[in-house]
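Undergrad: The structure follows.
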Amino acid sequence: GTPDHGRLMQRMREKTDKMEENKATRKLRVCVATCNRADYSKLAPIMFGIKANPDEFELEVVVLGSHLIDDYGNTFRMIEQDDFDIGSKLHTIVRGEDEAAMVESVGLALVKLPDVLHRLRPDVLVVHGDRFDALALATAAALMNIRILHLEGGEVSGTIDDSIRHAISKLAHYHACCTRTAEQHLIAMCEDHTRILLAGCPSYDKLLAAHHRDDYMDIIRNWLGDNVKEHDYIVALQHPVTTDIKNSIKIYELMLDALISFNKKTLVLFPNIDAGSKEMVRVMRKKGVEQHPNFRAVKHVPFEQFIQLVCHAGAMIGNSSCGVREAGAFGTPVINLGSRQTGRETGENVLHVRDADTQNKIYHALELQFGKRYPCSKIYGDGNAVPRILKFLQTIDLDEPLQKTFCFPPVKEWDISQDIDHILETQSALAVDLGGTNLRVAIVSMRGKIVKKYTQANPKTYETRMELILKMCTEAVIDAVHLNCRILGVGVSTGGRVNPQEGVILHSTKLIQEWSSIDIRTPISDALHLPVWVDNDGNCAALAEKKFGHGKGVENFVTVITGTGIGGGIIQHNELIHGSTFCAAELGHIMVSLDGPECMCGSRGCIEAYASGMALQKEAKRLHDEELLEVEGMLDLKKAESVSAIHLINAARLGNHKAEAVLRTAGMALGVGIINILHMVNPSLVILSGVLAAHYQAPVQQVIGQRALTSAQSIQVLTSDLEEPALLGAASMVLDYTTRRIY
């Protein structure tokens, strides 16, 4: 260490000691300001968290905006029902529901807020989102030298909300954002990355914990009537777009017409208080929606009940951020109308109708989406946002200068803050490997490090196997939080033929019983609320090489697994080849003889019948039975059951000619099979993986040199350096897909 480094470390230690001292002497006074029903659903979990830690925090609650308006359901009452003491109620809305009224409302809030903030004197003001009331709050607090923590900054939706949201971010001192992209946007906006917390959305803490309620049908019937069934109704929530009011009223009219024609039970929520909402309510009344037997129009639904309604709906329609955010956590199909959420990150459950200019187009979207189910998406959170935010609040040093400093370019590299545990966890995947003998689960980091591994014997029946998979995965997800790992999804590697698009195991190998026609994606996704990818072990080995092994940066290569059986995967133009019925790269069943030994697939002369561990073991047993296996220098073999391929290899090494002949034939068969692959797909590299790889490399390279076409003879054969190709391949499906996909 340099003297400078020593001084820096000393300063950091002093700062930490000082913070500990301050923490011991005083509580952090946090003021949470809420303006409407939507922001309260995000702020309430934080408020409950603050209230549950009275030794650390003092909570003040300020209520303003549409919470206090009768037409919008007087939603301040739900805050009182949640047992929070409201310190101040500020009537800040100027009625008129047009652009001028919004500006006047901001002005009125700015007139009333200084008195309240002066009286409460909070250390930190927590502000959410992108509403005009929140802009007034942030402006007042910034001018009064009060630290601001802004939730959900850095996001892009595509309306005036973006400008307001980014303006609040510029006024805020600290940021708790929901997604990796939002974090990158804030950094690009020159915010200090040490003051940005990638927390996830606080509402996810509540909805992931609460959505498995036994009484959900009672809630649905209470809002939609006794005859309604699960997944057989629609939730509609459309707000005005203030930069294009005329068009948003037109879309609202077309949506209602489409819903009337679609003829399903529908819960319609009143729009928010933005300019244009009065005209939208007028349109709704003109169409007789409130009297229509299929419709129920309501001003407000408590968040816990709204979660149940969205979770079990056949579809959600409109332009509410709930559709592109919270609904994804349940896999509920969403039809997003117009431009209000254009820039938001969404899961595959969202179908955009950006140019919603005809009733027919919206009706067709309803037909496509209604009643479908999608994998649960966790783009916006994993249910642990509140503990992260509370931890983040505790690190705020009140002795630090209040003046914000902006970090102008160059912007930080991808992982500058990865070692600061409250700012960024290690992005990781949960990998599951279903082998003939063992069932293994691992937490795998973005760099291919196995952080923790769990191994159990693979049960013989479907029920016990699924139960064990879910139990092991749940345990790993809990451990991941303590290990500071953010789980992005689950990758499953299994023997047999797999349809990766549907997440279904079509046919299993004989080694795994009761494992055909199995939908493995849905139960894991439902239990963990994570997206799930599935592929067979051969393809996973190829993916592992592509991301972490010899295949990195190679456009065309083949991986051949030489283990109990023979399998593999083919990467062509950087993508896996699956084939029309998902049996491409069944490399073990390339025939190298018209009348060779019988294979487990029922055919004859396959590579697997010559060169697999099982084939070599069979030959070893035959030689042992004929007393031709043992040679001088070998340990005595008593039982035929204990004879394995390793004994055959050892015997050959010690000069047993019969064993040498068997291995020569096996090497020749594998080499000829690989030549067939070279002549068919012409890769630039062949990677041998599995327990027998090192033994086969030289014979295979030799056969290629002797028998392949001249143009293919130079192709290199390497042995894999990866210890866990199946687990790493399963993880790479998650890590590649979740970080490269552009929505």
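The backbone N, Cα and C atoms fix where each Cβ goes, and this holds for glycine too.
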Undergrad: What range among 1-20, 81-100 does TrEMBL record as region 'Disordered'?
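TA: Region 'Disordered', as annotated by TrEMBL, spans 1-20.
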Undergrad: Whole-number answer please: how many Å between the C-alpha atoms of H589 (Zn(2+) binding site) and D537 (active site)?
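TA: If we compare the Cα positions of H589 (Zn(2+) binding site) and D537 (active site), the gap is 15 Å.
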Undergrad: Just name the most isolated of the binding-site residues C599, C601, C606, going by other Cβ atoms within 10 Å of its Cβ.
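TA: Across C599, C601, C606, these binding-site residues, the one with fewest Cβ atoms within 10 Å is C601.
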Undergrad: Measuring CB to CB from D537 (active site), give everything in the same chain under 8 Å that is also at least six residues away in sequence.
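TA: Once residues fewer than 6 apart are set aside, D537 (active site) is near D433, G435, S493, T494, G495, I561, G567, A726, G729.
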Undergrad: What is the Cβ neighbour count of H589 (Zn(2+) binding site) at a 10 Å cut-off, with all protein chains included?
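TA: Taking all protein chains shown, H589 (Zn(2+) binding site) has 19 Cβ neighbours within 10 Å.
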